[in-house]
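Feature annotations, reproduced from TrEMBL:
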TRANSMEM  44-66  transmembrane segment
DOMAIN    64-389  domain 'Plant heme peroxidase family profile'
DISULFID  Cys74-Cys154  disulfide bond
SITE      Arg101  site 'Transition state stabilizer'
ACT_SITE  His105  active site, proton acceptor
BINDING   Asp106, Val109, Gly111, Asp113, Ser115, Glu127  Ca(2+) 1 binding site
DISULFID  Cys107-Cys112  disulfide bond
DISULFID  Cys160-Cys385  disulfide bond
BINDING   Pro202  substrate binding site
BINDING   His256  heme b binding site
BINDING   Thr257, Asp308, Asp316  Ca(2+) 2 binding site
DISULFID  Cys263-Cys295  disulfide bond
Amino acid sequence: MLSSPNHNWYSSISIYSINSQKQLLIFITTNQLEMAHQINKSNILVSLVLALVICFPPATAAGVLYPQFYDFSCPQATDIIRSVVSKAVAKDARMAASLLRLHFHDCFVKGCDGSILLDSSGTITSEKRSVPNRDSARGFEVIDEIKSAVEKACPRTVSCADILALAARDSTVLTGGPSWDVPLGRRDSLGASLSGSNQNIPAPNNTFQTILTKFKLKGLDIIDFVALSEKKGLKTRALCISYWSDSETSSFAGSHTIGNARCTSFRQRLYNNTGNGQPDFSLEQSYAAQLRANCPRTGGDQNLFSMDPTSPTKFDNGYYKNLMALKGLLSSDEILYTQNQQTMDLVKHYAEHQDDFFEQFAKSMIKMGNITPLTGNHGEIRRICRRINA
């Protein structure tokens, strides 16, 4: 882009930085740069140096992520990842939800650092053994395939954590959902946390307040839990969010528009919801009867059920319509409509306005992807996602 002196190459610069308190977005608008042609060569050089200093701070700076991170070091990375994910989803439609879930379960433990991908070793107890992941987390072979292909193209360059973030975005798009520019530059952890995985990831039977607390501990809130929104300013593109707003906690629940749940994750609702031998009466009873046919009191733990039976492989707002019909499969979903006025209002809104849900989902995914990433000299770039480098 620098070959032509008349080309406003800096009009596309977007800068992302984070201070020690909150994520801070710094951006340069095209309006501010339209005078570039009036500047002499000396000033252009000074401007370029200053822009590079801001855009590419010292390696020890904390939390700096931006979508253009691999533009020069591995420009083919995004195409490679998209291609492998596309083939995997075409072969197995469930894989889209599985890859989206891997990113979520990674970020909620130690931050978005690829720790969920590590196998157990002499010094590491894998998060794959935790209650939220055991017998349910999947898609690791797809990540392995992506990493192998990316390593051949750009050795020791693209992190497993960034692969998870991009695969989650691509999975959403492939199933009909929104797209977003993924801030990149994460590095991979040198360890895992089994206890963190057990304690930090919201569970299907958690109370509303427990789930909200787990989100808030990660800097997320009610809107993130129920939907997702990106606002665009004139001639300005903002992709790094400064803090979690009250509607964002709601958005992540919307990811349940695709995927499945095991019988064991909601059986209690069907037979003994509060310990008195009675079912959960907030679950529509004809729907409950259908579920009982394949989810008995005992056995069938691994039987799978679509979380959105109306469009199980399509990313849409059908999930919210199901909640309004009292057909939310998991208790942690239905409580959004039955136990809090703010989340109930959001459910109603997203059920009627799919575009608003898509916008908020994209915004919240960007924010979740910014949970305490390893950057600079912290962590490493793993050669194989399942183990740390020797």
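Any Cβ shown, glycine's included, is placed from N, Cα and C.
Keep in mind the model is a prediction, meaning the values are calculated, not measured.
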Cα within 10 Å of Asp106 (Ca(2+) 1 binding site) - qualifying disulfide-bonded residues among Cys74, Cys112, Cys263: Cys112
Which binding-site residues from the set Asp113, Ser115, Glu127, Pro202, Asp308, Asp316 come within 10 angstroms of Cys107 (disulfide bond), judged by C-alpha positions? Asp113, Ser115
Counting other CB atoms within 10 Å of each candidate's CB, the least crowded of the disulfide-bonded residues Cys160, Cys385 is Cys385
Over the domain 'Plant heme peroxidase family profile' (64-389) the mean pLDDT stands at 87
Rounded Cα-Cα span from Ser115 (Ca(2+) 1 binding site) to Cys295 (disulfide bond), Å: 33
May I ask which residues of the same chain, at least 6 positions away in sequence, place their Cβ under 8 angstroms from the Cβ of Gly111 (Ca(2+) 1 binding site)? Ile371, Thr372, Pro373, Leu374
Within 10 Å of Cys112 (disulfide bond), Cα to Cα, which of the recorded positions Arg101, His105, Cys263 are there? His105
Compare the C-alpha of Cys154 (disulfide bond) with the C-alpha of each of the recorded positions His105, Asp113, Pro202, Asp316, and give the closest one. Asp113
Hey, of Arg101, His105, Asp113, Glu127, Cys263, Asp316, which of those recorded positions are within 10 Å of Pro202 (substrate binding site), Cα to Cα? His105
In the structure shown, which of the disulfide-bonded residues Cys74, Cys107 has the fewest Cβ neighbours within 10 Å? Cys74
